[in-house]
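Copied over from Swiss-Prot:
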- 3-154: domain 'N-acetyltransferase' (DOMAIN)
- V85, A86, V87, R93, R94, G95, L96, L97, R98, S121, E122: acetyl-CoA binding site (BINDING)
- Y126: active site, proton donor (ACT_SITE)
- F402: active site, proton acceptor (ACT_SITE)
Amino acid sequence: MTVTLCSPTEDDWPGMFLLAAASFTDFIGPESATAWRTLVPTDGAVVVRDGAGPGSEVVGMALYMDLRLAVPGEVVLPTAGLSFVAVAPTHRRRGLLRAMCAELHRRIADSGYPVAALHASEGGIYGRFGYGPATTLHELTVDRRFARFHADAPGGGLGGSSVRLVRPTEHRGEFEAIYERWRQQVPGGLLRPQVLWDELLAECKAAPGGDRESFALLHPDGYALYRVDRTDLKLARVSELRAVTADAHCALWRALIGLDSMERISIITHPQDPLPHLLTDTRLARTTWRQDGLWLRIMNVPAALEARGYAHEVGEFSTVLEVSDGGRFALKIGDGRARCTPTDAAAEIEMDRDVLGSLYLGAHRASTLAAANRLRTKDSQLLRRLDAAFASDVPVQTAFEF
């Protein structure tokens, strides 16, 4: 049979849900997927059908959602978030994934998005399509039985706690307001639409034979959602902690460490989380897992580089940047901003598009990528300036998976 790539009709969605159920271990059903569909633009999905007419089968699918991503400088960019990408096991190694990505990238570029983003199910797939890992997921597990806070850690006095134990569904408005403040100031922050708040709070309820009920710790400038692990009754897993201030972060952790019926508290956070340094024994906050988080593809190099902010301390400098399959540009950085224009001048620094995606939020250093020969320049001073200019003074974090 002949395969065809096109936009899906309503008749295709049952087949797409079947392919999702077979492809994604965390797929929880059509009802949740239908809610996420509200974030997909009119031309934001493609399918590959095997055959024609009513009997044709969906053997490939991909879509993008209309998202808003915070980047350094407290700038928020329209972002195309790729998701729901799958190829049937019966049709692998036929170029379907490449064809779907190429078509979606064409539509994303035509719609004017400066960047595209995704969460990768496998680490070796999306680099060849121009995506680079731009944030890092970092799991810390704390043995709370022996944890003690430094005397100079915030909130160490004898006054009453500023944190309350609450039920998540009863405090949605406060969570939304805190999250909105957080996501605008943190590179990697994403606007969370109402349908995703609906889903998050629905997941806080206990599921028969599944997850236990979630509880919340609420501070005026932060919150934490946690539940006891399904199989380990001495482990509390924090599913989300958002703090707008250092005081709120410490206050929430004081409350979590106070869960006396637990032995351990785990959280998936970011590599610069100050939690270990709040404790007198940093070893009690162990790194138990680490993985790439958000991946970025720079769709429009000048627009993306001119949109974000840069470190003021670097001073003004200029270079010529060549991005494989992306163009060659005169890049001038100064006073916290960049000017990026096409040029025919000889390149002084070269990289693939995925490398620029990894650099963009500031989580990864140009010098580190140069040491792996992923970024190439003969000018060591330029490399140091790029390190300093692209660095974010606010730690890069991962908002949520999509």
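Quick reminder: no glycine exception, Cβ is built from N, Cα and C everywhere.
Between the farthest pair of Cα atoms in the acetyl-CoA binding residues (V85, A86, V87, R93, R94, G95, L96, L97, R98, S121, E122), the distance is 19 Å. Within 10 Å of the C-beta atom of R94 (acetyl-CoA binding site) sit 14 other C-beta atoms, taking all shown protein chains into account.
A count of other CB atoms within 10 A of each Cβ picks out Y126 as the most crowded of the active-site residues Y126, F402. V87 (acetyl-CoA binding site) falls within a strand segment according to DSSP. Classification of L96 (acetyl-CoA binding site) by DSSP places it within a helix. Y126 (active site, proton donor) falls within a helix when secondary structure is assigned with DSSP. Less than 8 angstroms from the CB of V87 (acetyl-CoA binding site) sit V48, V59, G60, L96, L97, each of them six or more residues away in the same chain.
The distance from the Cα of V85 (acetyl-CoA binding site) to the Cα of the residue listed as 'active site, proton acceptor' comes to 11 Å. The Cβ of E122 (acetyl-CoA binding site) lies under 8 Å from the Cβ of no residue that is in the same chain and 6 or more residues away along the sequence. With respect to their backbone Cα atoms, Y126 (active site, proton donor) and R98 (acetyl-CoA binding site) stand 10 Å from each other.
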